[in-house]
Ligand code: NG1
Ligand code: ZN
């Protein structure tokens, strides 16, 4: 990857003061690119071994965050985390003003600057200024910038913050270090800051504000109801543990309250982060973390290492494990919101839709279309794609099967819910509940803690056990295989990543295999976060799903 390739030569170049260029280069000196290293801003931002040159990336992210802040004339966020990855990894993502992911058109700048050697960064920053921060009055670069950031519990985060601060200091940019936060908390804070004083004020831009907002919405939704039994929450020994414990101080217990048992919340031993626990472990292994012991049919939930994913599960009296994944949370939420809008008498005014990826279980898609009779859409993998699609509905429910997702309410939905005069106590209750959902569900980004509270509320409203929840539809048995190949880039997927365009002829071969199985479905795509290809297969029985997965895996290996 060569440097500066994405920058067009500006007609009338703006020159930054030479002492600023020198300051940028000088401050970058302690963070060189290791020999032969190539970086890329992918679906999960930058992610790698923390000691393999991530400090260089962090420095350049400081430059990008500053430039983006000037461009948007707003506060930009930076979250330092490697989510469900092992403890020795770390990563970083930029957060746009409304608490959403960095606009895709800027990802290439992040990649270019990351791949620029330290002594060329001043020049690369000037190129970026010319590309994006010059208007007729040449004033965009003169705007003040503001950057806020947080990190998960990984010890490497401390040094990474230092590298980024070096860039922000070189540019004399104002910043606030929020210390240790969950990913969704940082997104929440960014959105609060940027909406303060507007008609769309999101909340108090503090951690306490986050807990208070969620807890008061929870109380409204729980009014006169009770949650059956307790829920055991596995926090992956990550940041979700201490933050969930903090939230508990604001939540009611007893009648109308919630009994949360927090487990795997030890953040004092970095090496146990995500180790044999957490949402990713449970979803990929399709079993409970070995150290969780709960009674039959008791609800369990697992968060991932930065608390933006959640999955539920339980084990019945015969010892059968059942996973209630992101597809289940989406359908549970959609059922509830569809019922509530009907009771509130506003269902005609609001369009509800569900957005999934190809990894959604085929049975969930069928359930949404045929039973719930709601529109369902499939997008590329990666929450930014789902988020954009969901934003086109009044109530857009989006979840990846792995438990990452949220529900978006449009301006029209918020106005309708909060502006409709109730004509009966039942209608008033439904409108109040919907209004509280807008606050309980994190509108900025998928949030494990908020999603979990929402799921608990819905189960309480419906007086559903986890078994009732499971019985809404029966998942098709499925396998997700990770296949290492010499070059994953030859696997080009189209049609929301459900079909392969290349290697030539492979899709026809997959189609021929799929035809042999009842309810068979399989697709192949290159991972955006790992150097591997993923094979997904589902079929009517576990044996058949396994056979289909293996035969497609063989095709991929032979490519
Ligand atoms: P890749 O590695 O591109 O499959 C994985 C997840 C995504 C998403 C991203 C970002 C699966 C199959 N893929 O992407 O859903 O969460 O990581 O973390 O779960
Ligand atoms: Zn995560």
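Keep in mind that glycine also has a Cβ here, set from the backbone N, Cα and C atoms.
Unlike curated entries, TrEMBL annotations are predicted automatically.
Site annotation (TrEMBL, ligand Mg(2+)) includes 304, 306, 308; from 69, 83, 527, the additional listed residue is 83. Taking every protein chain shown into account, 83, 402 are the recorded positions, and of these the Cβ with the most other Cβ atoms within 10 Å belongs to 83.
Only pairs six or more apart in sequence are counted, and the domain 'Alpha-D-phosphohexomutase alpha/beta/alpha' (139-197) with the domain 'Alpha-D-phosphohexomutase C-terminal' (482-554) gives fewer than three Cβ pairs under 8 Å, not enough to call it a contact. Ranking the recorded positions 83, 402, 526, 528 by Cα distance from residue 308 (Mg(2+) binding site) puts 83 first. The average pLDDT for the domain 'Phosphoacetylglucosamine mutase AMG1' (325-464) in the predicted structure is 97.
Secondary structure from DSSP puts residue 306 (Mg(2+) binding site) in coil.
For the substrate site listed in the record, the two most distant Cα atoms among 400, 401, 402, 525, 526, 527, 528, 529, 534 lie 17 Å apart.
A Cα-Cα distance of 16 Å separates residue 400 (substrate binding site) from residue 306 (Mg(2+) binding site). In this structure the alpha carbons, written CA, of residue 83 (active site, phosphoserine intermediate) and residue 306 (Mg(2+) binding site) are 5 Å apart.
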